[in-house]
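*Asks:* Handing you this structure, nothing more for now.
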Amino acid sequence: MIFETHAHYDDKKFDQDREELLSSMKEHGIGTIVNVGSDMETSRWTVEAVKRYPMMYGAVGVHPSETENMKPEDIELLKEYSKEEKIVAIGEIGLDYYWNEPERGIQKKWFEAQMELAKEVNLPIIIHSREAAKDTYDMMKAADAEEIGGVVHCYSYSKEMSRNFMDLGFYIGIGGVVTFKNARALKETAAYAPIERIVLETDCPYLAPEPNRGKRNSSLNLIYTAQAIAEIKGISTEEVIAVTEENARKLYRMEGK
Ligand code: NI
(Lines of atoms letter the chains of each structure in order from A and count residues from 1; the text may use other names and numbers.)
(Lines give C-alpha, C1' and ligand atoms only; values in the text may rest on other atoms or scores of the structure.)
Protein backbone atom coordinates (compact mmCIF):
# COMPACT_ATOMS: atom_id res chain seq x y z
CA MET A 1 0.00 0.00 0.00
CA ILE A 2 1.04 3.61 -0.47
CA PHE A 3 3.24 5.02 2.30
CA GLU A 4 2.80 8.77 2.82
CA THR A 5 6.11 9.94 4.32
CA HIS A 6 5.27 13.62 4.92
CA ALA A 7 1.91 15.17 5.78
CA HIS A 8 0.56 17.98 7.96
CA TYR A 9 -2.91 16.84 9.04
CA ASP A 10 -2.64 19.23 12.01
CA ASP A 11 -3.27 22.07 9.52
CA LYS A 12 -6.53 23.97 10.00
CA LYS A 13 -7.39 23.33 6.36
CA PHE A 14 -8.34 19.83 7.56
CA ASP A 15 -10.52 20.97 10.47
CA GLN A 16 -13.77 20.46 8.55
CA ASP A 17 -13.24 16.86 7.47
CA ARG A 18 -10.12 15.43 9.12
CA GLU A 19 -11.83 12.35 10.62
CA GLU A 20 -13.71 11.49 7.46
CA LEU A 21 -10.66 11.99 5.27
CA LEU A 22 -8.30 9.92 7.42
CA SER A 23 -10.81 7.11 7.80
CA SER A 24 -11.14 6.89 4.00
CA MET A 25 -7.41 6.39 3.41
CA LYS A 26 -7.22 2.61 3.65
CA GLU A 27 -9.97 2.04 1.09
CA HIS A 28 -8.01 4.25 -1.31
CA GLY A 29 -4.80 2.28 -0.89
CA ILE A 30 -2.98 4.52 1.60
CA GLY A 31 -1.58 2.21 4.28
CA THR A 32 0.60 4.45 6.45
CA ILE A 33 0.95 8.19 7.06
CA VAL A 34 3.74 10.03 8.86
CA ASN A 35 2.52 13.36 10.21
CA VAL A 36 5.33 15.87 10.52
CA GLY A 37 5.59 18.61 13.13
CA SER A 38 6.77 22.05 12.03
CA ASP A 39 6.75 23.88 15.39
CA MET A 40 6.25 23.04 19.07
CA GLU A 41 2.46 23.13 18.82
CA THR A 42 2.15 20.86 15.79
CA SER A 43 4.76 18.50 17.25
CA ARG A 44 2.55 18.22 20.34
CA TRP A 45 -0.50 17.68 18.10
CA THR A 46 1.36 14.88 16.32
CA VAL A 47 2.23 13.08 19.57
CA GLU A 48 -1.47 13.03 20.48
CA ALA A 49 -2.78 12.24 16.99
CA VAL A 50 -0.74 9.07 16.52
CA LYS A 51 -2.59 7.65 19.52
CA ARG A 52 -5.96 8.29 17.84
CA TYR A 53 -5.18 7.06 14.33
CA PRO A 54 -3.79 3.52 14.03
CA MET A 55 -2.29 4.14 10.57
CA MET A 56 -0.51 7.33 11.64
CA TYR A 57 3.08 7.70 12.83
CA GLY A 58 4.77 10.97 13.67
CA ALA A 59 7.82 13.22 13.54
CA VAL A 60 8.56 16.04 15.97
CA GLY A 61 10.70 19.07 15.24
CA VAL A 62 10.81 22.75 14.39
CA HIS A 63 10.90 23.99 10.79
CA PRO A 64 13.69 26.51 10.07
CA SER A 65 11.20 29.34 9.43
CA GLU A 66 9.72 28.76 12.92
CA THR A 67 12.99 28.89 14.89
CA GLU A 68 12.97 32.62 15.73
CA ASN A 69 11.79 32.16 19.31
CA MET A 70 13.05 28.66 19.96
CA LYS A 71 14.47 28.02 23.42
CA PRO A 72 16.77 25.35 24.89
CA GLU A 73 13.74 24.05 26.84
CA ASP A 74 12.07 23.26 23.53
CA ILE A 75 14.85 20.79 22.73
CA GLU A 76 14.15 19.11 26.09
CA LEU A 77 10.45 18.95 25.28
CA LEU A 78 11.14 17.54 21.80
CA LYS A 79 13.32 14.93 23.47
CA GLU A 80 10.40 13.88 25.63
CA TYR A 81 8.07 13.78 22.62
CA SER A 82 10.59 11.73 20.68
CA LYS A 83 10.38 8.96 23.26
CA GLU A 84 6.62 8.59 22.83
CA GLU A 85 5.36 5.54 21.02
CA LYS A 86 5.02 5.84 17.23
CA ILE A 87 7.32 8.85 16.95
CA VAL A 88 9.71 7.76 14.22
CA ALA A 89 11.77 10.84 13.27
CA ILE A 90 12.99 14.32 14.18
CA GLY A 91 11.60 16.83 11.70
CA GLU A 92 11.05 18.80 9.86
CA ILE A 93 14.36 20.59 10.42
CA GLY A 94 16.83 22.38 8.17
CA LEU A 95 17.47 25.68 6.40
CA ASP A 96 15.16 27.89 4.35
CA TYR A 97 16.86 30.75 2.51
CA TYR A 98 13.87 31.39 0.26
CA TRP A 99 12.04 33.16 3.07
CA ASN A 100 15.39 33.97 4.70
CA GLU A 101 13.75 34.54 8.07
CA PRO A 102 14.80 34.26 10.79
CA GLU A 103 18.40 35.21 10.00
CA ARG A 104 20.62 32.38 8.86
CA GLY A 105 22.60 32.19 12.09
CA ILE A 106 19.44 31.40 14.06
CA GLN A 107 18.28 28.77 11.55
CA LYS A 108 21.70 27.12 11.63
CA LYS A 109 21.88 27.06 15.41
CA TRP A 110 18.60 25.16 15.74
CA PHE A 111 19.24 22.91 12.76
CA GLU A 112 22.45 21.81 14.43
CA ALA A 113 20.80 21.40 17.84
CA GLN A 114 18.02 19.26 16.38
CA MET A 115 20.49 17.05 14.49
CA GLU A 116 22.30 16.53 17.78
CA LEU A 117 18.99 15.64 19.40
CA ALA A 118 18.29 13.08 16.67
CA LYS A 119 21.66 11.52 17.28
CA GLU A 120 21.02 11.38 20.99
CA VAL A 121 17.60 9.76 20.72
CA ASN A 122 18.64 7.60 17.78
CA LEU A 123 15.98 8.70 15.27
CA PRO A 124 16.35 9.64 11.58
CA ILE A 125 15.86 13.25 10.46
CA ILE A 126 13.47 14.86 7.98
CA ILE A 127 15.33 17.67 6.21
CA HIS A 128 13.58 20.78 4.90
CA SER A 129 16.01 22.65 2.64
CA ARG A 130 15.08 25.45 0.29
CA GLU A 131 17.64 27.47 -1.68
CA ALA A 132 20.22 26.36 0.85
CA ALA A 133 21.72 23.23 -0.68
CA LYS A 134 25.37 23.89 0.12
CA ASP A 135 24.91 25.04 3.71
CA THR A 136 22.49 22.17 4.38
CA TYR A 137 24.90 19.61 3.01
CA ASP A 138 27.92 21.13 4.79
CA MET A 139 26.08 21.14 8.12
CA MET A 140 24.94 17.56 7.61
CA LYS A 141 28.51 16.51 6.88
CA ALA A 142 29.77 18.36 9.95
CA ALA A 143 27.15 16.62 12.10
CA ASP A 144 28.06 13.18 10.71
CA ALA A 145 24.54 12.89 9.30
CA GLU A 146 25.42 9.58 7.65
CA GLU A 147 25.25 8.15 11.17
CA ILE A 148 21.78 9.66 11.68
CA GLY A 149 20.06 8.87 8.38
CA GLY A 150 16.83 10.31 7.06
CA VAL A 151 15.19 11.98 4.09
CA VAL A 152 15.58 15.21 2.15
CA HIS A 153 11.93 16.08 1.91
CA CYS A 154 10.24 17.80 -1.03
CA TYR A 155 13.49 17.55 -2.93
CA SER A 156 14.07 20.64 -5.10
CA TYR A 157 17.75 20.61 -6.09
CA SER A 158 19.69 19.18 -9.03
CA LYS A 159 20.24 15.50 -9.75
CA GLU A 160 23.96 16.09 -9.13
CA MET A 161 23.21 17.37 -5.64
CA SER A 162 20.97 14.37 -4.96
CA ARG A 163 24.07 12.19 -5.39
CA ASN A 164 25.67 13.91 -2.39
CA PHE A 165 22.63 13.37 -0.17
CA MET A 166 22.27 9.76 -1.28
CA ASP A 167 25.97 9.19 -0.55
CA LEU A 168 25.19 10.19 3.04
CA GLY A 169 22.59 7.41 3.01
CA PHE A 170 19.63 9.76 2.73
CA TYR A 171 16.39 9.12 0.87
CA ILE A 172 14.95 11.60 -1.64
CA GLY A 173 11.36 12.67 -0.89
CA ILE A 174 9.41 13.31 -4.09
CA GLY A 175 6.09 15.12 -3.99
CA GLY A 176 3.40 16.44 -6.31
CA VAL A 177 5.71 18.90 -8.06
CA VAL A 178 7.06 15.98 -10.15
CA THR A 179 3.73 16.01 -12.03
CA PHE A 180 4.12 19.66 -13.08
CA LYS A 181 5.06 20.24 -16.72
CA ASN A 182 7.83 22.73 -15.89
CA ALA A 183 9.48 20.64 -13.14
CA ARG A 184 12.46 19.69 -15.28
CA ALA A 185 15.07 19.37 -12.52
CA LEU A 186 12.86 17.21 -10.31
CA LYS A 187 11.93 14.94 -13.23
CA GLU A 188 15.67 14.55 -13.92
CA THR A 189 16.30 13.63 -10.29
CA ALA A 190 13.41 11.15 -10.36
CA ALA A 191 14.98 9.53 -13.42
CA TYR A 192 18.47 9.58 -11.93
CA ALA A 193 17.89 8.42 -8.36
CA PRO A 194 17.50 4.63 -7.99
CA ILE A 195 13.92 3.70 -7.05
CA GLU A 196 15.41 2.18 -3.87
CA ARG A 197 16.30 5.72 -2.67
CA ILE A 198 12.95 7.41 -3.37
CA VAL A 199 9.99 7.88 -1.01
CA LEU A 200 6.56 9.35 -1.75
CA GLU A 201 5.19 12.39 0.04
CA THR A 202 2.58 15.11 -0.30
CA ASP A 203 3.56 17.86 2.18
CA CYS A 204 -0.23 18.28 2.29
CA PRO A 205 -2.19 20.53 2.50
CA TYR A 206 0.37 22.09 0.12
CA LEU A 207 1.66 21.21 -3.34
CA ALA A 208 -1.18 19.16 -4.83
CA PRO A 209 -0.12 17.29 -7.98
CA GLU A 210 -1.75 17.51 -11.39
CA PRO A 211 -4.67 17.13 -12.07
CA ASN A 212 -5.52 18.74 -8.71
CA ARG A 213 -2.85 21.44 -8.76
CA GLY A 214 -3.85 24.50 -6.71
CA LYS A 215 -6.43 22.64 -4.61
CA ARG A 216 -5.98 21.46 -1.05
CA ASN A 217 -3.69 18.44 -1.15
CA SER A 218 -4.12 15.17 0.75
CA SER A 219 -2.54 11.73 0.73
CA LEU A 220 -5.28 10.60 -1.67
CA ASN A 221 -3.34 12.39 -4.42
CA LEU A 222 -0.20 10.27 -3.95
CA ILE A 223 -1.36 7.97 -6.72
CA TYR A 224 -0.66 10.74 -9.27
CA THR A 225 2.87 11.20 -7.94
CA ALA A 226 3.45 7.43 -8.08
CA GLN A 227 2.14 7.36 -11.66
CA ALA A 228 4.45 10.21 -12.71
CA ILE A 229 7.50 8.46 -11.24
CA ALA A 230 6.47 5.17 -12.89
CA GLU A 231 6.23 6.90 -16.25
CA ILE A 232 9.63 8.60 -15.85
CA LYS A 233 11.31 5.35 -14.83
CA GLY A 234 9.46 3.10 -17.26
CA ILE A 235 8.21 0.75 -14.54
CA SER A 236 4.72 -0.02 -13.26
CA THR A 237 2.89 2.16 -10.76
CA GLU A 238 2.47 -0.97 -8.58
CA GLU A 239 6.24 -1.37 -8.42
CA VAL A 240 6.74 2.28 -7.47
CA ILE A 241 4.19 1.92 -4.68
CA ALA A 242 5.63 -1.36 -3.36
CA VAL A 243 9.30 -0.31 -3.45
CA THR A 244 8.74 3.16 -1.99
CA GLU A 245 6.70 1.61 0.83
CA GLU A 246 9.58 -0.69 1.66
CA ASN A 247 11.99 2.27 1.46
CA ALA A 248 9.84 4.31 3.85
CA ARG A 249 9.74 1.49 6.38
CA LYS A 250 13.54 1.33 6.26
CA LEU A 251 13.84 5.12 6.45
CA TYR A 252 11.67 5.32 9.57
CA ARG A 253 13.03 2.03 10.92
CA MET A 254 9.61 0.45 11.13
CA GLU A 255 10.53 -2.96 9.79
CA GLY A 256 8.86 -5.53 11.94
CA LYS A 257 6.62 -2.91 13.60
NI1 NI B 1 6.39 19.82 5.42
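A Cβ is built for glycine as well, from the same backbone N, Cα and C atoms used for every other residue.
All annotation found in TrEMBL is predicted automatically rather than curated by experts.
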*Asks:* Of the candidates GLU92, GLU116, GLU120, which one does TrEMBL list alongside HIS6, HIS8, ASP203 as binding divalent metal cation 1?
*Replies:* GLU92
*Asks:* What other residues of this chain sit with their CB within 8 A of the center of the CB atoms of HIS6, HIS8, GLU92, ASP203, the recorded divalent metal cation 1 site?
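*Replies:* Sorted by sequence, the hits are ALA7, VAL36, SER38, ILE126, HIS128, HIS153, CYS154, GLU201, THR202, CYS204, TYR206.
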*Asks:* Taking HIS6, HIS8, HIS128, HIS153 as the binding-site residues to compare, which has the smallest set of other Cβ atoms within 10 Å?
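*Replies:* Taking HIS6, HIS8, HIS128, HIS153 as the binding-site residues, the minimal 10 Å Cβ count falls on HIS8.
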*Asks:* Highest CB neighbour count within 10 A among the binding-site residues GLU92, ASP203?
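*Replies:* Result of the Cβ crowding comparison: GLU92.
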*Asks:* Sort GLU92 (divalent metal cation 1 binding site) into helix, strand or coil using the DSSP assignment.
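*Replies:* The three-state answer is strand.
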